[in-house]
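> So TrEMBL lists the following for this protein:
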- 1-26: region 'Disordered' (REGION)
- 24-76: domain 'HTH myb-type' (DOMAIN)
- 24-76: domain 'Myb-like' (DOMAIN)
- 77-131: domain 'HTH myb-type' (DOMAIN)
- 77-127: domain 'Myb-like' (DOMAIN)
Amino acid sequence: MDVKGRGNNNKNNNNNVMSSEDDEMDLRRGPWTVDEDLTLMNYIATHGEGRWNTLANSAGLKRTGKSCRLRWLNYLRPDVRRGNITLEEQLLILELHTHWGNRWSKIAQYLPGRTDNEIKNYWRTRVQKLAKQLKCDVNSKKFKDAMRYLWMPRLVERIQAASAATSTTTKTAADNITSNNSNDIKVTMQSSPTITINNEFIILNLLINLASPIASKARLNYSLKN
């Protein structure tokens, strides 16, 4: 290759580098706007998901493909549940973590609508924070025993109490409807999260095992030792 040819190649390479740098400088950083959310949602509704870098360019978003993917999966996807982690979900997270550790994506498979990022945040802000307050390592036997024999049974008690209260409320509402014989009475109940058969099986086993006399005795022994 002659000197002139090498010079042209170097010039083209420099132009490509400058173009790439300009593109990176044009990318938006920070929180997403409402308009950006709508643009991403409308594009995916029409074209579906795909290669995220290509999607970002095709949708006209000045965001990286990774940013678009995380925004969609963690916030905008229609089946994503928002709001506080329920008691049942907390119990599942604690139980599943004893088997799979920090495999958040695997744990999320058992909590419909919850993202792995949301579950990880719960673990860090609630569980790890509690371990820090107790001045013990979250992976230590001491903390795991406290979680198994104190925290989880307490969650079971709260779930059972909430279930009993709901049953009482439902019965009272039904009695009122029957006695008044009126269609004007509307009872609004808070819907519980969708729980699959596998989740029900896990929760049922936890309710049986953690509420059993053996678990109660173990919990008592643990509290006496500490």
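Numbers run from 1 along the shown chain.
In case you wondered, yes, glycine gets a Cβ from its N, Cα and C as well.
What TrEMBL says about a protein is an automatic prediction, not a curated fact.
Keep in mind that what you see is a predicted model, and the values were worked out from it rather than measured.
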> What mean pLDDT score does the domain 'HTH myb-type' (77-131) have in the model?
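That stretch averages a pLDDT of 91.
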> From the DSSP assignment alone, can you count helix, strand and coil residues within the domain 'HTH myb-type' (77-131)?
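Final tally across the stretch: 35 helix, 0 strand, 20 coil.
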